[in-house]
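A.B. asks: Let me begin by handing over the structure; questions about it come next.
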Amino acid sequence: MEMMNPEKWVFNLLLPFLFIRFCTSIDTLTPTQFIKDGDVLVSSGETFALGFFSPGISSRRYVGIWYYKISEQTVVWVANRDRPINGTSGVLSLNQDGNLVIYDNTRNSTVWHTNVSAVSYSARLLDSGNLVLCQGDSGSGGVVWQSFDHPTNTLLPNMKHGLDRRTGLEWFLTSWKSRDDPGTGEYSFRVEPNEFPQSIGFKGTTPLWRIPLLLKPSRNDEAKTTASSILNATYVNNRDQVYGFYTPINASTLLTMFLDEFGSLKVLTWVGEWVEFYSVPGDQCAGYGRCGAYGYCDSNNRQDFECTCLPGYEPSSAEKWYLRDASGGCIKERKALSMCGNGEGFVKVENAIIPDTSKARLLMSLSMNECKDECLRNCSCLAYANVAEEGESANCITWYENLMDVRKFVRRFPEGGRDLYVRVDAVELAQRRGIKQKKVVVVVTSVVLTSPLFIILVCWLVMKKRRRGNQLNFISNYGYMAPEYAIDGLFSTKSDIFSFGVIVLEIMSGKMNRKFHHPDHDLNLLGHAWNLWIDGKAFELIDPVMEGSFPMSKVLRCIQIGLLCVQKCPEDRPTMSSVVLMLVSDILALPQPKQPGFYIERSSKEKHERSVAQSSPSINEVTMTHLEAR
């Protein structure tokens, strides 16, 4: 066997290492190299690439990082997002100071550069998607700059989102202007570093939606929320930093989180194409302050209005809430009743997303009772919540100003539901003390409201047995009877419904309808009620005696039922069985009533105005708001 030449033997020994170095060098840029338009830097695992690109239909050139192996180009970071290059004359390189520089050869100008004082040795694209500048030979001096510290619209796994309290460096997302323009858009997603941090989506300086941080689902929550089934979220909050980051549960899962050009935060996963797995805002309650101050939003409430008021509060404007406008929020029900040393207490709102924590206070290591006592002894404290992670001491959160953006937890990552305890006066506390007492109060109040209507039903049954006598009296007294009211010599069922509707409107208004029997008589109770209804002023019909005694939604619902019963065409009127369902169910949607019988129309000008108004969609076709009786 021939002996191998020593030099050849050494060469063969080093060859694999030389080959490895050659293969991995495509992820690193040194001072003697540059990247011109058309060249790319590829991470060692070939997950990401860096180079020049044009977004969408734009011809402008940017330096960015995108996923390397997937078919759909998905850019996750852009260097010169606000200073594009026209044409393909751009070059990316390390200058003599060790900073990364994008140079436009056509204009002989620098369009973007890093700003580090330490001389760097190389720039390397990591398989995490992070572009780093390293100091010293082979990067031995550590990282002096990284793209993860300067995110654009995308948050990749292990990227920080928050604030370095020591340096003031903030990690936050800003949207693109459009799909064809990666310039800094008007939407941002950032962490508000108060005592109890929260993430907020902004349009300019206006909050659009909110995600409380440091609130993991409690142990009794249902397992696996929408997004937490594919990723883990971690939050850090100490004297130096406050931030969050996420990692995929399955390392092979390709995930990305980005703020789109419309201000929505989306989580996408790659399954041959990008599939949206989660987004914020995801429902009507996710919008910031949907139900105003002291309001409570429940997106699970598919039939009724999603907004109600927190315990002890009522809508600031019943009319606006009836029209599903809750922007004005809620106000204290009994304004004159003090909640300071006057028998007040707390009512629990279960499984809630806690209110805006911008001005909340965080008290460490307090038990539930200690947290309650701390809030109770301070007359300015409006609510409290107790948060305790497994293996950690409990933390007490207290609120002292408007309780804003409270909503029901619907098991959507990364928010966790917690019990919120709202301060109420002694009257409210007495009404709500104990489940049995609460049910009795609600049932009694409902019975008080609906009893007159059921009495009417009984009277209607009695009247039904006396139809023939009623018919003869009707004809002899008025000498008139419309054909639709005569079927087999008796009042029809629809005629009885008409009478029932008249009585309902009389009860609601406290007025008699003595002139409704003949079409030649002048603007009667039915016409008056109808005109108020189509003008959106049905509440003006209500008897002043009833105002404040019952929820506005129930009273307006009764008026609508009455108008449905007195519609001009008998086939449009509901059956009595339908009326019964309408009265006993608050979630049954009611149709928009049509013109009543015996209605004297307005002038031609008024008719024209009404026809124009009725051509637009009517808010009264939606389900009534359900406000809890008190």
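Here the Cβ of each residue, glycine as well, is placed from N, Cα and C on the backbone.
Not measured: the values here are computed from a predicted model.
Annotations per TrEMBL:
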SIGNAL    1-25  signal peptide
DOMAIN    26-146  domain 'Bulb-type lectin'
DOMAIN    281-319  domain 'EGF-like'
DOMAIN    340-425  domain 'Apple'
TRANSMEM  440-463  transmembrane segment
REGION    603-630  region 'Disordered'
COMPBIAS  612-623  compositional bias 'Polar residues'
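Each of these features: where is it, how hidden is it, and who are its neighbours?
C.D. replies: A Cβ distance under 8 Å defines the sequence-distant neighbours of the domain 'EGF-like' (281-319), meaning residues of its chain 6+ beyond its ends; these are 200-201, 207-210, 264, 325-333, 347, 349, 352, 356, 402-408, 410, 412, 422-425, 428, 432, 539, 552, 586-587, 589, 623-628.
Per DSSP, the domain 'Apple' (340-425) is made up of 9 helix, 33 strand, 44 coil.
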A.B. asks: As a quick check of your reading of DSSP, tell me how many residues in the domain 'Bulb-type lectin' (26-146) are helical, how many are strand and how many are coil.
C.D. replies: 5 helix, 60 strand, 56 coil
A.B. asks: Looking only at the domain 'EGF-like' (281-319), how are its residues distributed among DSSP helix, strand and coil?
C.D. replies: 2 helix, 10 strand, 27 coil
